[in-house]
Amino acid sequence: MARPSLPCAVVAVLLLALLPTPSTAGDPDLLQDICVADLTSAVKVNGFACKAAVTEDDFYFKGLAAAGNTNNTYGSVVTGANVEKLPGLNTLGVSMSRIDYAPGGLNPPHTHPRATEMVFVLQGTLDVGFITTANKLYTKTISAGDVFVFPRGLLHFQKNNGDTPAAVISAFNSQLPGTQSLAMTLFAASPEVPDGVLTKAFQVGTKEVEKIKSRLAPKKR
């Protein structure tokens with residue numbers, strides 16, 4: 001199978017980057033042409049300090065070209081192209097990622113606290129959705145060439161219900177959008193969320209909570 005082309009995804013992220021940015025949304029405005037992230041700097045700022053020696057490679061990343069390995073519990077994998085992988089994104093307020101899904105694969109419910117996400121489907125068919133603060137679910141089945149938007153901070157998911165692999169390119173209006181998985185946040189936090197909080201919140205017993213925690217606990221090597 002020929003590898004899907006990316007032009008439409010590139011157009012999508014460029015359009016997102018060109019949208020007017022209110023002072024309350026996305027990352028802060030840049031104050032110079034470039035500020036390539038110094039990922040080794042001990043200076044703590046809202047973002048990353050600028051490094052002095054800059055090269056073309058600071059603005060280049062080829063990690064989205066190939067499909068990721070979906071051989072895991074959820075049958076999906078996210079390959080990020082954020083400031084940690086592409087230092088030239090520092091202060092520019094955009095990033096991307098590629099998400100690959102095995103047949104039946106799920107990108108489980110999660111949020112991006114610092115960014116709105118827009119996905120462009122490269123191949124396959126996905127059931128996607130997000131939930132508002134009023135507990136209203138908006139869901140849609142999307143296929144190759146389609147675009148869907150997940151508003152900033154809202155819980156959302158993607159599920160491949162097809163019998164062939166699927167893939168999307170995601171665009172974000174943040175250099176580092178952050179990801180908070182609902183299940184991992186509640187049941188695999190360190191230190192642990194007290195059982196009493198979870199049993200009362202989910203109206204289940206301690207045994208059920210401990211069972212979920214054991215399944216989500218990091219695997220020992």
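Start at 1 and count along the chain as shown; that gives each residue its number.
Glycine is treated like the rest: Cβ placed from N, Cα and C.
For CYS35, the disulfide partner recorded in Swiss-Prot among CYS8, CYS50 is CYS50.
Separation of the C-alpha atoms of GLU117 (Mn(2+) binding site) and CYS50 (disulfide bond): 26 Å, rounded to the nearest whole number. Taking the mean position of the Cβ atoms of HIS110, HIS112, GLU117, HIS156 as the Mn(2+) site, the remaining same-chain residues with a Cβ inside 8 Å of that point are THR111, PHE130, PHE150, LEU154, LEU155, PRO177, THR179. Counting only same-chain residues six or more apart in sequence, the Cβ atoms lying under 8 angstroms from the Cβ of ASN71 (N-linked glycosylation site) belong to ALA102.
Mapped onto DSSP helix, strand and coil, the domain 'Cupin type-1' (62-210) counts 22 helix, 58 strand, 69 coil. Here the Cβ of HIS110 (Mn(2+) binding site) has 19 other Cβ atoms within 10 Å, regardless of which shown protein chain they belong to.
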